[in-house]
Amino acid sequence: MAPPPPPPLPWALALLASLWGGAAPCPSVCRCAGGRVYCNDRGLTAVPEGVPPGATTLFLQNNRIGDAGIPPRLGRLQALRVLYLYANALEQLPRHLPPALRELHLQDNNVRGLCRRSLARAPLLERLHLDDNSVSAAGIEEDAFAESGRLRLLFLSRNHLSSVPPGLPPALEELRLDDNRIHTIPLRAFEGLPALRRLVLDGNLLANQRMADDTFSRLYNLSELSLGRNALAAPPANLPRARLRRLSLAANAISHVPAGSLSRMRALERLDLSDNNLTTLPRGLFDDLSRLSHLGLRNNPWFCGCNLAWLRDWVRRRAAGGLEVRGLLCQAPARLRGLPVGELRGEMDACGTPAPANGAPGVAVASGARGAGGQPGPGVGAQPGVAVPPGVAVAPGTAGAPGAAIPVRWPPAPPGASLRLSWLRPGGGSVTETLVRGERGEYVVTALQPFAPYRVCLSVLDAPGALPPPLCAQARAGGGDPSPPNSGTPASPHAPPPVFPRAAAGGAAAAALLALGVHARVQRARGCCTRGVVCTRGRGLHKGHSVEEGSEGPGFKSPPPPPPPPDAVSGQDSIPWCKPRPLVQAPPPPVRRTSASPPRRQGAPQCDLRTPSP
């Protein structure tokens with residue numbers, strides 16, 4: 001007789017029970033597997049009932065869930081670590097967040113601000129994704145991150161920010177603020193971020209004169225800094241040197257790089273200077289870059305004379321060590337145009353023609369125009385696509401505007417109005433654009449193909465809701481100087497007073513057709529506000545209504561309008577004004593709080609301060 005089988009072990013009984021029906025139920029509209037609950041792409045308007053209490057990851061993306069669809073029971077999922085809520089209809093941070101949450105994805109919603117109370121309910125949060133929302137500077141509470149001490153990654157790309165968020169958590173390692181409207185960085189904007197390793201500021205409105213000299217100097221652990229698609233005329237001062245491995249300065253208006261700007265950057269591996277206005281570089285600029293493996297130099301108007309011979313020799317020496325150099329092609333003189341610098345021999349030894357001090361202009365400001373900061377001279381060069389030598393006003397007909405040109409004029413708009421000027425040659429090339437201050441009243445598009453037709457468009461960037469369509473006109477460039485585009489001929493400071501060339505006749509159509517319509521649209525865009533009203537930039541707008549809509553270059557966006565001059569406010573009652581929020585606000589006076597009047601910042605999202613029901 002065979003002996004009876006041994007009794008089953010307790011762990012075996014538990015395993016059988018879980019396999020034979022003891023598992024937690026799954027919502028009928030979802031699929032559950034191994035702690036993950038898949039409720040995405042279901043057309044849901046609320047979080048479904050019956051999510052297993054042991055779920056660790058919940059997928060709710062690509063639904064129609066609004067703020068009212070986040071129930072208190074979501075905050076009782078004690079095991080939940082990762083929550084996907086991107087591509088929904090949320091307008092504020094969810095009020096009921098699980099306490100053990102580590103990662104929150106809210107991309108592609110319409111979130112307008114960040115409240116401390118909402119973030120405080122997830123004190124262990126490490127990664128917060130808020131790309132493609134409507135977060136504005138006024139919508140972020142000053143102490144929003146006070147209880148987010150473990151936050152390591154913060155993504156705020158493609159929002160409506162005009163300044164760096166205040167009070168960033170000290171544990172932050174990666175910060176993405178690209179494609180916003182940030183135009184000024186004060187001195188202490190990145191103070192207290194010793195762990196920051198990656199900072200992305202591409203596609204904003206940054207210029208050298210609007211950044212403090214020590215903006216980045218105390219980011220000792222920074223390994224990647226990206227400042228592409230801004231309005232820089234030179235690399236920022238006092239860049240971090242010890243651990244910086246990647247530096248991108250592409251698509252700015254950089255016309256010169258001071259000697260020593262890259263000294264002691266021995267850890268730098270990748271440097272991108274593409275799409276700028278560089279014609280030459282100072283000798284020995286790269287001497288300390290012993291680890292450099294990638295150097296981007298494409299789309300610059302390089303002048304291949306003796307001033308650039310050192311760079312040719314340096315590239316040849318470093319090529320054996322694996323250095324990859326892209327886009328180092330001659331643009332001038334004409335006999336060397338299109339030739340790789342590294343392949344030239346004695347052709348670069350001649351110094352008869354001096355290299356231009358600045359890059360070739362893409363858009364020249366007419367005589368008397370002022371720069372972005374309201375000052376003549378260097379301020380103009382900070383605009384994207386503009387490069388004007390200090391003290392020289394470039395106008396059509398001078399040597400600083402090679403090739404044919406089209407003048408574009410409009411009635412001066414109210415101070416602070418921003419326009420986007422773009423032009424395209426039908427059948428060839430790509431759209432070129434720049435940001436224009438409306439009060440200037442005139443821009444001259446230069447370096448065009450002689451006698452070629454162009455489509456020129458002006459767009460208003462200050463409308464509070466859906467942007468009005470651009471106003472466009474067809475115009476034919478004049479003959480001008482037959483030199484090719486971007487030849488970079490220097491302007492003479494002793495040139496006679498400029499006169500409009502034959503391009504004025506061809507461009508008269510653009511000037512006439514654009515003038516009245518742009519003036520009317522600026523006035524209509526300005527009509528949204530009245531004096532004394534604080535206009536919250538970006539509040540209530542979905543990302544599709546941002547200034548990037550229909551733009552070829554998302555880096556050119558409009559900053560909040562500056563406050564009007566006193567005489568304009570008192571003397572022009574017909575023009576309403578928006579009162580911008582200051583970049584650095586003074587601490588508010590102490591307020592006695594009561595339960596009936598919870599504290600709120602004006603213009604900030606209305607944070608619900610109630611404790612969620614159990």
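The backbone N, Cα and C atoms fix where each Cβ goes, and this holds for glycine too.
Pulled from TrEMBL, these are the features on record:
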- 1-25: signal peptide (SIGNAL)
- 25-57: domain 'LRRNT' (DOMAIN)
- 300-352: domain 'LRRCT' (DOMAIN)
- 472-501: region 'Disordered' (REGION)
- 482-500: compositional bias 'Pro residues' (COMPBIAS)
- 541-614: region 'Disordered' (REGION)
- 557-567: compositional bias 'Pro residues' (COMPBIAS)
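Looking only at the domain 'LRRNT' (25-57), the predicted model's pLDDT averages out at 94. Mapped onto DSSP classes, the domain 'LRRNT' (25-57) shows 0 helix, 7 strand, 26 coil. Sorting the domain 'LRRCT' (300-352) by DSSP state (H, G, I as helix; E, B as strand; all else coil) yields 23 helix, 10 strand, 20 coil.
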